């Protein structure tokens, strides 16, 4: 259907539209008109992706000079594939309506691991190994050697792409990862570099967060993208953690020992080259005097190690004299390594700021701040000069150099914590240095400054106002949308007591209480008797899940649950969890029914949708607070309090509630789906917790369902499931939660749509 969204003609590839989709498009258009940033919370399963794509594509066509590109960032490969399929549907609808092929290019980009087609590289399991092997086949000096001697190993796909692929752009159309690989095999071109080259002239690019937020990768991949692009971060409720992880470095004793070995290898290589080819080292010295920008004007294949965060002015400077020659630089790294090793020999926890660390470094081993800033780039230049083909071996030393560059670049927003042992095993010495980023805005700031519109969107962003604070930006639109339903298909409830009236909670004091554990077991047992097909239960941590399940086993509760449904458990091993998920789905398909016990913040809670019968009930055992004794977390809370005036308790509750909402939101993946959302902890009933749930869940959480016993909860569930079992046809939704074009244009509907979005 063709829609008129605030004067913009939008092609929508379906015959019907949800009211919230139209409302969402209106907000999006306002954001794009204002050329600003937006934060939008849209209920899960209401067609967020297609609304985004349809509106932004229409905007691109109407104002080609205003918006040149859409950069769509998603978290996992399956999500990226989903977005590409929606885009394909949308483009074919456009072509059907217009009767001609559009000059439109949309593509997905992922790591070499998902795109490489070289027979020697594809069998490797880990991304790091794939990148290293790729570099050893495509580095410019490896290719130069191949030109001289064609018997040497090389990558024929890259050579072919380099000769022909750059002249012939990708034909217009939509490409997912498999399509790119198919083109690569057909033409004999490397799909990874083809995709990286093509994103410059694509209309829509879909890739992972890291390509924009991790400075080491963004510098290589996204540097050339134009300012007039719209960036969308989908499923962005965790975006602050992604930003923080991309800027933090952990150094253990094992890493430092491997650094030592790396340095010795480099020392030998330098001596060998000095004897055979001294000209090469002189050439590098000359380049470094001219400035790093010249030194790093290397080819795309060599840019395997990007610098973590160097501002432009540093790249234009000459490298300090003290680290220009290879021997001096290696001596410099050795002194730095010895100092960090010495710091790890502490007997108690140390916390200090980067300037304090630097002053200690200057006093002890006479290392100044300036050469440290060049460390990462200088190492990159050295590895390039020495023609080191297997870069993965040097990742420990690269990590140390990145740490040196970061610690000398940022005086604020970071802390250094040195722990002599893990709190959980205080008798085992296991020292670790955390260089921890506390300010999420540091990684995302360049994105906000560079692109004219950045949209942060997800099903669980409540409370909205905290995101602009912790990411330090000023949105032009902030809105949360409700879910218009012809029948109420979600049933949230808070179970706060067992049948014996004992308050149930996962808080630390009552965690080991046998009565609480028994009541949790009874809740699962009774729910498994009334809920059809699949139940997903989330615990607050792996440790808590293990101790609870062990206790249920001793009390015989597990045996009773097994009579109703089969049990599957998520573990920390990814492969094991995948098998458990597969079997869980099989049990639901076969009508045996299944329960999946998993962990908030784990793999299951983030990326897996339990559509229809795979998730008829989600039970959240406890409030999923993060481990509050962690020193890194304490330092971050202190920073948030001092810099952004966010109280510790507010942030912890916000963090717990967004994860709880993310977990229970897995059950509802569309308006024809239905499910129970059980919050099993009396603390959820408090106003400060309840008020931080997304608006679309809060609306259906009635006062009657706030502090139920297990029995009462089961009665509510029975009644709800009986209602849901009644036949439900598309006709029942028409005019209410599903609109045709005529209905959408009526004044009454438009008035209703205005109430869906709640602006903040």
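Backbone N, Cα and C atoms are what each Cβ position is placed from, and that goes for glycine too.
Of all ranges given (682-695, 696-709, 710-723, 724-737), Swiss-Prot attaches the label motif 'Nuclear localization signal' to 682-695. In Swiss-Prot, the feature motif 'DEAH box' is placed on 234-237, out of the ranges 230-233, 234-237, 238-241.
Note: residue 116 ([4Fe-4S] cluster binding site) has non-local neighbours 122, 130, 134, 190, 191, 192, i.e. same-chain residues 6+ apart with C-beta under 8 A of its own C-beta.
Neighbour list (residue 44 (ATP binding site), Cβ cut-off 8 Å, at least 6 residues apart, same chain): 459, 460, 665, 668, 669. Under the DSSP three-state reduction, residue 49 (ATP binding site) is assigned to helix. Taking Cβ pairs closer than 8 Å, the motif 'DEAH box' (234-237) reaches residues 48-49, 52, 72-75, 79, 83, 456-461, 658, 662 in its own chain, all 6 or more past its ends.
When the binding-site residues 43, 45 are compared by the number of other C-beta atoms lying within 10 angstroms of their own C-beta, 45 comes out lowest.
Summary of the [4Fe-4S] cluster site environment: with the site residues 116, 134, 155, 190 set aside, the chain residues having Cβ atoms within 8 Å of the Cβ mean position are 112, 117, 118, 121, 137, 138, 157, 158, 192, 193.
Note: the Cα of residue 43 (ATP binding site) and the Cα of residue 155 ([4Fe-4S] cluster binding site) are spaced 46 Å from each other. The distance from the Cα of residue 49 (ATP binding site) to the Cα of residue 155 ([4Fe-4S] cluster binding site) comes to 37 Å.
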